[in-house]
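Record features, source Swiss-Prot:
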- GLY112, THR113, HIS114, GLY115, LYS116, THR117, THR118: ATP binding site (BINDING)
Amino acid sequence: MKHIVKNIHFVGIGGAGMSGIAEVLLNLGYKVSGSDVGNNAATRRLASLGATVMHGHDAANVSGANAVVVSTAVSGDNPEVLAARSQRIPVVPRAVMLAELMRLKQGVAIAGTHGKTTTTSLVASVLAEGGLDPTFVIGGRLNSAGANARLGTGDFIVAEADESDASFLNLFPVIEVITNIDADHMDTYGHDFARLKQAFIEFTQRLPFYGIAVLCVDDPNVREILPFVSKPVVRYGFAEDAQIRAVDARAVDGQMHFTVLRQLNGHTEPPLEIVLNLPGLHNVQNALAAIAIATELEVPDAAIVKALREFHGVGRRFQRYGEVATPDGAGTFTLVDDYGHHPVEMAATLAAARGAFPERRLVLAFQPHRFTRTRDCFEDFVKVLGTVDALLLSEVYAAGEAPIVAADGRALTRALRVAGKVEPVFVEQMEEMPQAILNAVRPGDVVVTMGAGSIGGVPGQLVSHQQALQGSQA
């Protein structure tokens with residue numbers, strides 16, 4: 001590719017999926033430019049690495065580009081996309097560019113409705129500890145690396161495979177993981193769940209004859225597609241027929257302790273005693289996927305154990321901000337932030353919080369993400385939001401969608417009041433959320449901020465507020 005394409009421009013370069021690919025291309029020696037309406041940590045990092053980052057979209061930004069990369073979040077009438085097409089500059093979907101990177105190495109693609117980012121991070125961390133020095137492209141910041149992408153010298157590239165727009169069907173990896181299959185992004189599949197499952201079956205057909213599909217058989221929908229997967233399979237989970245199986249899982253001080261039984265290629269491997277530096281049974285499953293891949297690639301057991309014990313987590317995936325003082329100075333509350341925005345993953349995260357912090361009041365500040373998701377999962381949202389002890393609920397983060405009156409934040413608030421499990425506090429503007437949290441907390445509470453939108457900035461504001469308070473008292 002490099003002898004033809006030297007200058008690559010990204011429309012929406014600050015996005016989680018785009019910035020990682022841009023960073024790897026920078027490290028490969030390409031000249032990278034990009035535009036974004038916002039200025040975030042990803043754009044600042046890319047600029048520091050040598051990318052030309054422009055704020056706002058303008059037709060002039062694509063001047064000199066040999067290719068323009070876009071995500072599905074970028075509309076077809078974007079001025080940069082229109083300019084590229086008029087100048088016959090190739091407009092390349094993000095997944096197609098990721099597929100090009102995968103052609104340079106052996107691809108490990110992590111798919112599934114929930115858990116992709118954490119599982120990708122765990123796989124990358126275990127392979128790195130095993131000396132395989134993988135390249136990785138992750139949808140969140142891997143805390144140990146300080147970035148969501150890295151160019152390694154090894155044979156493997158580990159990346160998330162996105163089913164939301166069916167773009168994962170562009171990838172041709174040698175190892176695939178499917179963590180679970182759930183009803184999300186159903187507009188892509190004509191609101192037909194059978195079509196979504198068929199897409200995952202087609203994803204496994206992208207594997208070569210020597211490839212491996214690593215499947216979580218705890219998930220009933222993954223189990224349903226199992227008979228239709230024609231490539232070699234490694235089953236993982238808590239289920240008795242899992243080849244990579246966790247037993248005796250228990251929560252200890254915010255970590256998960258468990259034993260892994262392994263049956264691969266007709267051989268019984270020695271059991272592994274694992275301490276995972278993450279809470280929750282769902283993260284045990286995510287770790288099992290990493291263990292399955294590492295075992296297949298003959299990573300030493302000691303490296304697997306060490307990587308999972310010392311895993312530093314991923315930004316906005318049960319990210320702990322520590323203790324924050326209550327406004328009255330009578331004590332502190334524990335602050336945790338999470339990207340969860342679908343009822344299934346929210347339930348898993350809240351269960352993990354209960355396990356990590358037993359017998360403590362759980363306060364959730366939640367920003368729904370997309371009106372269509374809120375509409376499609378409305379009753380499930382009401383159910384999961386009703387499990388917390390106190391709830392602050394904001395308006396839906398639109399993500400470019402038009403409002404749906406019966407599926408907005410106020411509609412959710414009314415439904416929760418009718419259900420009677422929790423009395424929600426509706427917070428109209430996200431700027432008001434930090435103060436609303438401070439008004440609601442008591443000493444000893446666990447506060448979880450959750451959502452895929454602008455609520456991600458709230459924990460930093462709470463920490464800054466505390467630091468300013470401490471400075472004024474010094």
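The backbone N, Cα and C atoms fix where each Cβ goes, and this holds for glycine too.
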- Query: Across all protein chains in the structure, which of the binding-site residues THR113, THR117, THR118 has the highest Cβ count within 10 Å?
  - Reply: THR118
- Query: Excluding GLY112, THR113, HIS114, GLY115, LYS116, THR117, THR118, which residues of the same chain place their Cβ within 8 Å of the centroid of the Cβ atoms of the recorded ATP site?
  - Reply: ILE110, THR119, THR179, ASN180, ASN286, GLU345
- For HIS114 (ATP binding site), what is the secondary structure state per DSSP, taken as helix, strand or coil? coil
- Specify the count of other C-beta atoms within 10 Å of the C-beta of HIS114 (ATP binding site). 24
- Please report the number of other Cβ atoms within 10 Å of the Cβ of GLY112 (ATP binding site). 24
- Query: Within 10 Å of the Cβ of GLY115 (ATP binding site), how many other Cβ atoms are there?
  - Reply: 24
- Query: What number of additional C-beta atoms lies within 10 angstroms of the C-beta atom of LYS116 (ATP binding site)?
  - Reply: 26
